[in-house]
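Annotation comment: TrEMBL describes Asp892, Glu894, Asp1001, Asp1053 as divalent metal cation binding site. As annotated by TrEMBL, domain 'USP' applies to 464-838.
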Amino acid sequence: MNTRIFEALSTRLGEYWWTPGGLEPSMNSYLNPNLHQDVGVYTQELAVTVPEPVHVRKGIFSELHSKVSEAGIPVTATHFDLQREMLWMGNYTGHVKSFLGPTMAHYSSFQVHATDAIRHIQSLDTGVLFLSECNLRCYTRGGLVMFDYRMEEGADMHSLLMTDNMLLMGGLQNYVVEIDMNTLQETQKFRVEAPGVTIMRQTNRFFVFGHPSGKVTLRDLRTFRTQKFDAFPGGLSDFDVHGNLLAVSGFSSRGLNERFLMVYDLRMMRAATPLWVHVDPFFVRFLPTYTSRLAIISQTGECQFCEPTGLANMADIFHVNTNGHFLTSFEVSSSKQALAFGDSGGCVRLWSDTRDVMFNVYSREPCVVDAQPQLAWNHNLQPCSPIPTAQATPIFFPVCCLQVPANKEESPGYYNHIPESPTESDEEPLLHTVPEKYRKVTIKYSKRGREDFDFKHYNRTLFAGLEPQIPNAYCNCMIQVLYFLEPVRCLVQNHLCHKEFCLACELGFLFHMLDLSQGDPCQASNFLRALRNVPEAKEMGLILSNCEETTGTVELGRLIQRWNHFILYQLFQETQEQEDPRAYRTTRSSSLGSSGDSVIRELFCSEVENRSPCLCGIETVYSSLMLLFNMHYPNSQGESEKRIKEHDFAEILKKSICLQQRSHTWCGNCDKYQPTVQTRNIRRLPDVLVINCEVNSSKEAEFWKVQAEYAFNKSMQKTDQDQRHVWIPATLKMSLSKSQRLEISSWPEGWFYAAEQAEGASLYDLVATVPHILDAGAGGNLVAHIKVGETYHQRKEGVSRQQWYLFNDFLIEPIEQTEAAQFDVSWKVPAILCYAKRNYHTKYDLRSEFQHNQSEVKSDLYRTQKQSKTDATFIPLTVSEMPQAGDLVGLDAEFVKLSEEEAVLHSDGTKSTITPSQMSVARITCVRGQGPNEGVPFIDDYISTQEQVVDYLTKYSGIEPGDLDATVSSKHVTTLKSTYLKLRFLIDAGVRFVGHGLQNDFRVINLVVPKDQVIDTVHLFRLPYKRMISLKFLAWYFLGLNIQGETHDSTEDSCTALKLYRKYLELYQEGGNHYVMKVLYEVYDKGFQLNWKVPDSDMR
């Protein structure tokens, strides 16, 4: 309950209220001296001592722990965190504290408001909301301010209510404010009865508002009609709602607690028999486990459990020992296993019916750090103090500070608290060491799917992320790396071939989406579909099963390195098979493709010479191409007890490139395999040097860690920059001497290199790193650090600059260059490094022209030859019907299901989607939007698939088994690539697509269409913040058509959408936007009346 309600409605509580001047005299007589016994030195850690151990009996609530935050200052709000095992409390002076788990260990403590009391607390995924009289503030769980929203003058807020991405705020004024949490803007105000609203609850059907006058108002979420109950004449103290039951407690006209609850049946909208109880009800909460049990709490600490439709039993009463104080707040955890009580003496008590209590069914681990040591003032840090002190004073580190080793002398480096191995240690890596932005991100699905998810919260840039909730999306990080290598991007965007599952083509289509997107995430589903159909990918183990992805048992570091080798080789093969000689030319005007060379070869291939001398004196020499190099580390066998020696990264890289290894090689002279030492020498350097780090065991991880410590100790003597966990240099100087010997060295930043370049040396800058993030709680993930060049910023932002970014699926965040090179192997293990020759892209023609193969697409659209029987569902365009900019095209797509969704059913009956069902496009139809043949399809393609379909969704798609099999189908079956190119041609021509729910269609098809080329009837016929109306209902209401009978048909749906758009234009021309809104209100009234079902007979 809120403090203002206490002041207004409870005269008894007013006697024991706290004021800024101190404790009221009437309150002092109730203070229990035992409360302050056995209190530690740390005054903020006051705890109520329990004389005897508490034995919790299963099913019977008992006190587990209690803590005093600030003695004598009333607790005004308590809240169980909905995402983490934490309990929050706020007090009368605006201070808040949080406690961890059933032991109530202190987590954070900070001041939210200087003077006003905390009236309501609400946890979010990213932070916690705190409501005071005229402020709404959001803080991280560690105490950092995220935003501060001030109310208008005179506001007196009391309660919050979260609904999807909307927040309702109510108080002692005649309105309830709705705030969009994505934009932090007020969207609308609901008028309520004076004097206002102090309590708000929600069910699946109603908003329920409690008024200080004693009334309860229900607002229907569908019809927005209201229903009022006059519960108590003297005012409300509390109410709760569960299912179809509403239970209300309140006061008589004389201001005394009534010893009964008003119970209402929301199905019949009438009062049931009042529930008489044996305590003075001040707080009421449902505890729905097996039954709809009610917890009824009095201010003096008496608690009673009973059924809302039964009789209260005296045996169900227990007592909270408040030490003479009054209860001022009460909260129930989402798991219904824990109760929290706050009192006027500043104490918070945790009760539970089980020792192993969980606040939530599923919780994320909080960011917890190890306990910090107490450092004596004679510690080495004493000289750093700006103020000399005569006496030794103990230093206490705050709760949320960095880890410090207990004894620096025990370890060779300051940061020697890293686990031995990132992949094979017996102890799991500490979850709290993983920063939030590096953790695996997931899309939270609401009833409307992903539409309510706030992607902008994770990406404030204009670059596009990639969605992770599709099979084999582990390679998203490397897709981004390839995209930001501009010659690769241009190469694949200009590449087009007839091969159905060509990864170069699909990458080109995907990169085109990333080009067009303005910060919205894209799906790589078509590319991953092609990847699953490449036999070599399956042979290399790159296609994960559903079990492997969900259990997180795959070693992602090794997997992405294999994928890296595969994709470079695949692009090399596919682009060499069919490459346009005009696509890339060097500044010397020689074609890279004219003599068998390819762009991939020029970019990534190193020419190496391999020598294998035999014992007989014959030396075998052969040349080969290397697309990338694997790191090889010194063999430390026999030196396990010694410290690892210091090595320069350039030295290790040189030995990895010019590798010497023992092997058995066939000797033609000896006619048998002979032992030999094989030596590899490089003869040509690539433009982009790709390195697989091969940190796959504890030995390699330890080597990286120790080398980073050596580098850090050196950097402390040269620079003030934070170089912790950095071993790799930002720039390498590489050259081939006249004797063809490779020379590699680190190059300091800012050094002039023209003279070195004249000698044949080249500078290679770090442009991308891909680390494997070890997160035991989430199963681990892969991210990329990428240095985004000037041309990308110029296209997206209109400015020329370079900037490093973190790409974690759809999370994109700018970072410093040092962070890209930091690898704390306890949680961040290097997998792939990319160095690019400085100014390497200047010798490439970086124009992207997707026009050279459009003649084939046109011929497919304008077929004039005699149609076969399978083409009877559409008529191809004629030459005179060539699409022009602004032409209307009706479009609809049907889909089949390749996998079922994975969801979790919570104890309260709600469902959370973990992984959505995987959909595949099965049919695409385009109809003419004008001309004599308006409404006639010119594309009606059924998309063939080699993947297993788990559900054809025939009722909604009209697709029957066999329709997608080209060998038996009577439909016009074609490849997805063929239909995709037709749609790309229409988009480039500037046509405007008309359809119903096109956003989802384009997303699954993998198309980004400019907004001015999309006319979606689902938005044209929708009121703001109201439900979307089905095409079937709109067709019945406006057109008198009864569509989608037994099954859906994409031709019928696309034609109907065109007709609805024409109808919308008529309504707009008749009375403008005001008239359209008036008609839509009538549509919604009719829809609510019919429950949005189309009647059998004409009832319009």
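The backbone N, Cα and C atoms fix where each Cβ goes, and this holds for glycine too.
Within 10 Å of the C-beta of Asp892 (divalent metal cation binding site) there are 28 other C-beta atoms, taking all protein chains into account. A simple way to gauge crowding: the CB of Glu894 (divalent metal cation binding site) has 25 other CB atoms within 10 angstroms, across all the protein chains here.
Annotation for Asp1001 (divalent metal cation binding site): same-chain Cβ neighbours under 8 Å, separated by at least 6 residues, are Leu891, Asp892, Ala893, Gly995.
The Cβ of Asp1053 (divalent metal cation binding site) has 26 neighbouring Cβ atoms from other residues within 10 Å, across all protein chains displayed. Per-residue pLDDT, averaged across the domain 'USP' (464-838), gives 85.
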